[in-house]
Amino acid sequence: MGCLGNQLLIAILLLSVYGIYCIQYVTVFYGVPAWRNATIPLFCATKNRDTWGTTQCLPDNDDYSELALNVTESFDAWENTVTEQAIEDVWQLFETSIKPCVKLSPLCITMRCNKSETDKWGLTKSSTTTASTTTTTTAKSVETRDIVNETSPCVVHDNCTGLEQEPMISCKFNMTGLKRDKKKEYNETWYSADLVCEQGNSTGNESRCYMNHCNTSVIQECCDKDYWDAIRCRYCAPPGYALLRCNDTNYSGFMPNCSKVVVSSCTRMMETQTSTWFRFNGTRAENRTYIYWHGRDNRTIISLNKHYNLTMKCRRPGNKTVLPVTIMSALVFHSQPVNERPKQAWCRFGGNWKEAIKEVKQTIVKHPRYTGTNNTDKINLTAPRGGDPEVTFMWTNCRGEFLYCKMNWFLNWVEDRSLTTQKPKERHKRNYVPCHIRQIINTWHKVGKNVYLPPREGDLTCNSTVTSLIANINWTDGNQTSITMSAEVAELYRLELGDYKLVEITPIGLAPTNVKRYTTGGTSRNKRGVFVLGFLGFLATAGSAMGAASLTVTAQSRTLLAGIVQQQQQLLDVVKRQQELLRLTVWGTKNLQTRVSAIEKYLKDQAQLNAWGCAFRQVCHTTVPWPNASLTPDWNNETWQEWERKVDFLEANITALLEEAQIQQEKNMYELQKLNSWDVFGNWFDLTSWIKYIQYGIYIIVGVILLRIVIYIVQMLARLRQGYRPVFSSPPSYFQXTHTQQDPALPTKEGKKGDGGGSGGNSSWPWQIEYIHFLIRQLIRLLTWLFSNCRTLLSRAYQILQPIFQRLSATLRRIREVLRLELTYLQYGWSYFQEAVQAAQRSATETLAGAWGELWEALQRGGRWILAIPRRIRQGLELTLL
């Protein structure tokens, strides 16, 4: 029985210790290096100082560094808010640069165009004769291969084989102008591709023609004579956010576990050039060919090897003039009178294109997504068929003019195709292609929207570096594979920015610790200033273990706050400098929105900390128990980012518990503050407290009355139970009748135990008093038992620990003796070493002194011998003469 009692006592003590020290409580950390995906708007920065580019982006200062992180993150170029924003924003730049505001629907009327010109350029049926003649003539020609370079004469004079005149048609039309009640005749010049003419409905020398897009959409013209021109810009994250980049060379547009991650506040520079088929002047070209392949279809972006130096040089020859014609109020149409027939625009390709395309095919064969033929001879580069002109032609911009280039000659040259199945005009292998210009173009971003672009004056030339191509790769079962060039302009920006992802910094972390709120004393304030590494330095510990990162959480939180404030201030400064230019523009509103978002994020974090009672505290202990005892962090091997992913499902529950605990604590503090009012003696006589005093008095009176009633009922029950044994007790060993003599004169009367109360002279004390005595004795016995067991437990523990302490003490004494002996040996050895050194020094000194003395004597003897030589010679001569 005693052993069982000891075990029970030990179990109770262990449970008490566990309850005190092993319960985990929620601890709030502010400044942890963790993040989550975000979709907040980015802002752009650029160095371009032209008017429209400056109004769209903030000035760029090149102060953007990258920091490597020891983390693993997933990246996707297609499901990516950075690329989606770039696609949308480049379109906004394009739309803002041309500023469409005037509807050209009044020009959707019948125009009388020069019939000879419409016949020549194939807009009427009469062109059949011309076309057939041309076909007959060309059919007799043989396959030609024309390769030109910078020094070729035709390049200088813009008269290379196959290039023609620019197809332009002059037209007349009548419409009401500034005077609405009178019609006026206007003369305009159109590109043939912008017109459609009625067939067989010509009168005399005129053909009936209309604008090409009148029946499909609303066409708008520029208000100002501005031109779309590409700029270089970069995207930057708002304060409180960051951009992660996958730095792995094997990244191909999708990687769930990229281990080479860097963080930055801004992206690399990006070119806003818009074109189909090719990407010009990109920033992702390397000394290798690599492919971004969409995860669910065959859309690809192929980055070309910059080693091959692939270029494209386009030119629109001629000295074109532009004449603004006011057609009606608020409608200025930019006409181009034909002073002399302009030559056709054209583009020339330079570099080792054949080897570059060959390497592209080899890279496709090696790609894990590709399952077609491995024979590169069966992989062909093809042009898309059908669709808008922007699809079938290579569409690009050259200093404001949009060129539509027919690429058959180029594909024949690169692929070295057989030309027997092609049309006569296409039966050539050339490294240049003819292009035509349109003023009414289909926008690449929104289907069915057309924009009129006024022609540009003068001779236009533009040189570009080809860095990638957009294509759809399709193959059959081991037979043929086609690399079909694509018009998905949006894919260009997936290659440029697809290795970035936008994340929101989540500096608030929740983790279990053994510390409960208000159980530890406050730490002393560190007076030394913290070296602020900048906002990116805050994420430097993202790959560190939670324990190491939490040790520097104070400095990290200060760095985080300083970085946010610094970025906000810089952003505000540049916005202020651009205040006038940013007015009423989409990008200006977007830039201001990023600043507001950053402030909202910081205030949101502080409001959340305040709701938990942790405002402006880096490490905040709480009284909320950790809800999942089996889920604890590995402080030495687990990062905060990994831990945040594991406890994401608990965040809502923990947040609610923290708020409830803070509300309860505030209530307790309120009650405590109410009690503090009694500290001042004068408050006791406050008039507002008199009503409370009256209430307390009434409560006391009612309590006294109730107590009297209870005492009366107890006394009544006691009288009724007098003389009876308690029904809930065993035979009362504690009950002993105490005989008393009521009257000494009366004889003693023996009464039986258990008899009812009588009027005899003998009676027993009430059993309740004896029962109380019994309880007291049992309590004393229990306390004695507890004391004896505790003493026994302590004595046994002492007996167990005493030998251990004795052995430990003996071991320490032996270690001390050994150390003292070793120290003595070392001291003796050191003294012996010192004596040896001194003896060696003395011996060396004596030896050197003796050697120096002998050397000095030898030198003296030699010197005397040398000095004596003349004297000996003289003495010898004297002896000889004698």
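Each residue, glycine too, has its Cβ placed from N, Cα and C.
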Recorded disulfide partner - C258, candidates C236, C246, source Swiss-Prot: C246
Member of C398, C405, C435 annotated by Swiss-Prot as disulfide partner of C462: C398
N-linked glycosylation site according to Swiss-Prot, picked from N174, N762: N174
According to Swiss-Prot, the disulfide-paired cysteine of C171 among C113, C222, C223: C113
Recorded disulfide partner - C108, candidates C3, C209, C214, source Swiss-Prot: C214
For N479 (N-linked glycosylation site), the three-state class that DSSP assigns: coil
Winner by Cβ contact number (other Cβ atoms within 10 Å) across the glycosylation sites N114, N380: N114
Residue numbers, six or more beyond the limits of the region 'V5' (478-485), whose CB comes under 8 Å of its CB atoms: 276-277, 360-361, 364, 372-373, 378-384, 394, 407, 469-472
Whole-number Å value for how far N309 (N-linked glycosylation site) lies from N247 (N-linked glycosylation site) (Cα to Cα): 24
Collapsed DSSP category at N159 (N-linked glycosylation site): coil
Alpha-carbon distance [N205 (N-linked glycosylation site); N174 (N-linked glycosylation site)] in Å: 17
Secondary structure of N653 (N-linked glycosylation site) (DSSP, helix/strand/coil): helix
Around the Cβ of N374 (N-linked glycosylation site), the count of other Cβ atoms that are within 10 Å: 13
